[in-house]
Amino acid sequence: MERNHNPDNCNVLNFFFADKKNKRRNFGQIVSDVGRICYSVSLSLGEPTTMGRNNLTRPSEFILLGLSSRPEDQKPLFAVFLPIYLITVIGNLLIILAIRSDTRLQTPMYFFLSILSFVDICYVTVIIPKMLVNFLSETKTISYSECLTQMYFFLAFGNTDSYLLAAMAIDRYVAICNPFHYITIMSHRCCVLLLVLSFCIPHFHSLLHILLTNQLIFCASNVIHHFFCDDQPVLKLSCSSHFVKEITVMTEGLAVIMTPFSCIIISYLRILITVLKIPSAAGKRKAFSTCGSHLTVVTLFYGSISYLYFQPLSNYTVKDQIATIIYTVLTPMLNPFIYSLRNKDMKQGLAKLMHRMKCQ
């Protein structure tokens, strides 16, 4: 019985099992050919349909719709967010100056608080000034490069905040659970190491996200339904496959955020166990009072972030802007008040600073 030969099968077999006369390819050439085939397949998986290719582009600019698209809302919103920005910058700047000018505040806890205040100033400066300009502008545009730059520093400073909060939790753990070894453990070298990690890890994280975002191909629409270039709203404009990007957000991003959060949880569990062993009620109150401000900031910061980012891209809606405002605008503004109102040393330091400024 004669076998039917499929020409396509023969071609594939001949590619790998050619006779000696035609088999001039070495192993490296075969690997190269297979690599080109795999690369072509991967590109085809990431490409949109032929119908949509004509609408693909890398836009020169985006349009930020902001908090409201109604013209009559723009000036009232400007009147609301300008004072918020000024209060945030001035409040955090006063915290920094008070800590630097008072020798009693030259401790690891206040060192990290001063750095947190500096990062909060940078954090809101990345977002609010551009938002204020757009409130008074008719175009509300942001260039492609400016958008990626804003996204980079937003992610970097936001994650730096979380790592600094973790460093402050570790400081409180050592102060309460190991008070006799506090100076030795929380040395200048340890504080600098925690500070370097708090800056380096978030910046590597941001760089990875920006590189992945820059590989995306966008559709004809360049309208971002948000008040700044956040990761999720920009992803929604992409026509190319952003599966890798979305998986990275949900895995690597989760790891970057959960690492400091885990440090905070473990530190406070150890603190709770230690405080419950204190016999006097006054001692328990004193121990908890040193952690109250930090816990309030952690709750505000991580509560809004977990609600916003740990959800699929398809579930992201305009309503999530409220959660974004909490951790991008309100939390940096409230930090100086939270850390100073219930902190006797901080209030005294601020009072001394204000007295010096009046005398000058």
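Yeah, the Cβs are placed from backbone N, Cα and C, and that goes for glycine too.
These numbers come from a predicted model, not from an experiment.
As annotated by Swiss-Prot, topological domain 'Extracellular' applies to 1-75 (among others), with the evidence given as sequence analysis.
According to Swiss-Prot, the transmembrane segment annotation covers 76-99 (among others). Sequence-remote contacts of a segment are chain residues at least 6 beyond its ends whose Cβ falls under 8 Å from one of its Cβ atoms, and for the transmembrane segment (76-99) they are 66-68, 105-106, 110-111, 113-114, 117-118, 120-121, 124-125, 128-129, 131-132, 135-136, 329-330, 332-333, 335-337, 339-340, 346, 349-350, 352-353.
Annotated topological domain 'Cytoplasmic' per Swiss-Prot: 100-107 (among others), in sequence order, evidence recorded as sequence analysis. Proximity of distant same-chain residues to the topological domain 'Cytoplasmic' (100-107), defined by a Cβ-Cβ separation under 8 Å and at least 6 residues beyond the stretch ends, is recorded for 114, 345-346, 348-349, 352-353, 356.
Here Swiss-Prot flags 108-129 (among others) as transmembrane segment. Only residues 6 or more beyond the boundaries of the transmembrane segment (108-129), in the same chain, are considered here, and those with a CB under 8 A from a CB of the stretch are 81, 84-85, 88-89, 92-93, 95-96, 99-100, 150, 153-154, 157-158, 160-161, 164-165, 167-168, 171-172, 175, 186, 190-191, 194-195, 198, 227-228, 328-329, 331-333, 335-336, 339, 345-346.
Using a Cβ-Cβ cut-off under 8 Å and counting only residues 6 or more beyond its ends in the same chain, the topological domain 'Extracellular' (130-150) has close neighbours at 58-66, 74-75, 77-78, 81-82, 85, 210, 213-214, 224, 227-229, 234. Here Swiss-Prot flags 130-150 (among others) as topological domain 'Extracellular', drawing on sequence analysis.
Residues or ranges marked as disulfide bond in Swiss-Prot (evidence: sequence analysis): Cys147-Cys239. The number of other CB atoms found within 10 A of the CB of Cys239 (disulfide bond), across every protein chain shown, is 19.
Annotation comment: Swiss-Prot describes 151-170 (among others) as transmembrane segment, evidence class sequence analysis. Counting residues 6+ beyond its ends, the transmembrane segment (151-170) has Cβ neighbours under 8 Å at 109, 112-113, 115-116, 119-120, 122-123, 126-127, 191, 194-195, 197-199, 201-203, 205-207, 209-210, 213, 228-231, 234, 256-257, 259-261, 263-264, 267-268, 294, 297-298, 301-302, 305, 327-328 in the same chain.
The topological domain 'Cytoplasmic' annotation in Swiss-Prot covers 171-189 (among others) and rests on sequence analysis. Mean predicted confidence for the topological domain 'Cytoplasmic' (171-189): the pLDDT average there is 93.
Summarising the annotation, Swiss-Prot assigns transmembrane segment to 190-208 (among others).
Look at Swiss-Prot and you will find 209-246 (among others) tagged as topological domain 'Extracellular', backed by sequence analysis.
The transmembrane segment annotation in Swiss-Prot covers 247-269 (among others), and the record cites sequence analysis as its basis.
Helix, strand and coil residue tallies for the topological domain 'Cytoplasmic' (270-286), in that order: 13 helix, 0 strand, 4 coil [DSSP]. What Swiss-Prot lists as topological domain 'Cytoplasmic' is 270-286 (among others).
What Swiss-Prot records for 287-309 (among others) is transmembrane segment, and it gives sequence analysis as the kind of evidence.
The topological domain 'Extracellular' feature in Swiss-Prot is assigned to 310-321 (among others).
Sequence annotations record features per position, and here Swiss-Prot assigns transmembrane segment to 322-341 (among others) based on sequence analysis.
Among residues of the same chain six or more beyond the topological domain 'Cytoplasmic' (342-360), those with a C-beta under 8 A of the stretch's C-beta atoms are 94-95, 97-99, 101-102, 104-105, 110, 289, 292-293. Look at Swiss-Prot and you will find 342-360 (among others) tagged as topological domain 'Cytoplasmic', backed by sequence analysis.
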Go through the chain and flag residues at least 6 beyond the ends of the transmembrane segment (190-208) whose CB is under 8 A from any CB in it; none is fine as an answer. 108, 111-112, 115, 151-153, 155-160, 163-164, 166-167, 170, 248, 252-253, 256
According to DSSP, folded down to helix, strand and coil, what is Cys147 (disulfide bond)? helix
Do you know the DSSP helix, strand and coil residue counts for the topological domain 'Cytoplasmic' (342-360)? 16 helix, 0 strand, 3 coil
Same-chain Cβ contacts of the topological domain 'Cytoplasmic' (171-189) under 8 Å, 6 or more residues past its ends? 108-109, 112, 267-268, 270-271, 274-275, 287, 290-291, 294
